[in-house]
Amino acid sequence: MTEKQVFKTTWGGRPLEVEIGQLAKQANGAVLVRYGDTVVLSAAVASKEAKDVDFFPLTVNYEEKMYAVGKIPGGFIKREGRPSERATLTARLIDRPIRPMFSEGFRNEVQITNIVMSVEQDCTPEMAAMFGSSLALAISDIPFDGPIAGVDVGRINGEYVLNPTVEQAEQTDIELTVAGTKEAINMVESGAKEVSEEDMLGALLFGFDAIKELVAFQEEIVAAVGKPKMDVDLLQVDADLKKEIFDAYYNTMKTAVMTEEKLAREVEIDKVKDTVKEVYAEKFSEHEEEAQLLKEVKQIAEDLEKDVVRELITIDKIRPDGRKLDEIRHLSSEVSILPRVHGSGLFTRGQTQALSVCTLAPLGEHQIIDGLGVQDSKRFIHHYNFPQFSVGSTGRAGSPGRREIGHGALGERALAQIIPSEEDFPYTIRLVAEVLESNGSSSQASICAGTLALMDAGVPIKAPVAGIAMGLVSDGENYTILTDIQGLEDHLGDMDFKVAGTKDGITALQMDIKIQGITEQILTEALDQAKKARMEILEELTTTIAAPREELSQYAPKIEMIQIKPAKIKDVIGKGGETINSIIDETGVKIDIDQDGNVSIASSDAEMIKKAIKIIEELTKEVEVGQVYLAKVVRIEKFGAFVNLIKGKDGLIHISQLANERVNNVEDVVKLGDEVLVKVTEIDKQGRVNVSRKALLNEENKEK
């Protein structure tokens, strides 16, 4: 039995402990990460043989176990089901910095599983899982060029904070996750409250310093317990064969690549590849290693396209569609595309097009987020759909995949910063982005279309937001940064760096790369170039619609907010919801009440809203000493009569307060059902109300 080994350090001021050798020993590599009281088991496994595929088959899973926070899953079967949106996003977050750290041509299937077993809310399980995933690979026999590490960075009052607590996260104006190796950053995910490029770069470098410490800690562990790496067969091609094909077809491929229109370009490129494969299929038809050689020919044909595109950009400074390196494709935008929806915006950038639709609903329609974190809700929701027809293909349709969930979340982060507060705009807001055409940067097109749809719907956003995707082609020593990358440049380039923001600053950032890291200089230049492009796109958006519409759509619900005392909530709701349901039945409105007494009344009929407000005001009206009421007698007792002052509140007229003269029998003065004028004379400590008819009679006599 392998002896358990424990390694300790601190991370963001909290203890970080790694256990190896006791759990999951049949995996190629496994570690138990303890970060404070957060515990994550990370295990990495690789197939023994390479798969016959033209991509690296890596899968990262992040499994949230409800027992980690002392909960039993809801629903009938009482067990965890499909991953939550947060789990899906976390799996993507871990995958992105790890994927570039495998050798090109490695085709063994690799699966990394992270099981969240215990959660302390202030010690993020996501970052513990990223750390564990890297370390499980690093100590295993799986070929891996890591380790990598990731950290969360916030900023409070101008000071950067490492791995903010739940309380600190509510105060921060930057929410950044950054990952990398000890040499360079290779993944970024961020939301921010309109911060400058300089401040965002500062946050990245602050996080990078912490990353280097975590990587050094992993290297110590690998030196102590790491396994020798397995020998694997990487797909390699014959150098002479590659030179022969490149010499024969380079110029033909260059002509094909420079076809301006996307679909036509794809046809021309495929023609060249097919020609290469056909010629060499015939040439090698009698060769004893025909299958292997044809596999190499297929790879060389792909390499030919890649090299042509990259050399065009880095050497000739020409892009496949003829644009300059910092040139944005043709822009166009429209609003009010759909007649019955609450708001819509269409944004087109070259051959990428997104239609965004805004729907407004009462606050009660907000989304509840119930997972391993603190239970929360959100009233702004952004969804992204990518149908296959957008790229001229057939394919799977149905529930969103990881990519769609990730792009939707990026758009939500970018736009959430400019959504008005609940007090200023008491609506739940849902944006749905339908990608209708795609040739790169569709997530950023959805952000631009979302801005248009919000303004068309009359949402009083703080400022318009635009997004742009930056690219990179690097040969190690030299690099070229591209503005507004199209699909081919994304596919064959080294970086996809998405930047969204207003004219005043960045609201969202996402970076993925295919190389093992990028420098501070590249980050700085990419951010500066992105800012220039963002301003150009914002000008297009505000030319189409300069400001949010002053009136909501006639089809949007009208919402009024009123405030009642929290103690009065029970009076509005009534026993078993009887009172509130009667108001809803009578008026047809939708009513939402929070624990602070904020009442939202929604309906398409403004008159019914007014009626509901009047009823609620009557229900919650306070009885005050000195007020006069026309009250109805509801009960007779020997000592006096009980009268109803307002709905839900009765008062007592003591027999001595019925008249100026002595009264022996209450019913000599009032009878059940009578209406009498009374004045409130006292409200005792128990809330009981005493009223007097006699006091009003005396006042009348004085006036006479």
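Residue positions begin at 1 at the first shown residue.
Quick reminder: no glycine exception, Cβ is built from N, Cα and C everywhere.
Remember, predicted model here, so these are calculated numbers, not experimental data.
As annotated by Swiss-Prot, Mg(2+) binding site applies to ASP490, ASP496, with the evidence given as sequence analysis. Taken from Swiss-Prot, the feature domain 'KH' covers 557-616, and the record attributes it to sequence analysis. The domain 'S1 motif' annotation in Swiss-Prot covers 626-694, and the record cites sequence analysis as its basis.
Under the three-state DSSP scheme, ASP496 (Mg(2+) binding site) falls in the strand class. The average pLDDT for the domain 'KH' (557-616) in the predicted structure is 91. Each residue in the domain 'KH' (557-616) gets a DSSP state, and the totals come to 32 helix, 16 strand, 12 coil. Helix, strand and coil residue tallies for the domain 'S1 motif' (626-694), in that order: 7 helix, 36 strand, 26 coil [DSSP].
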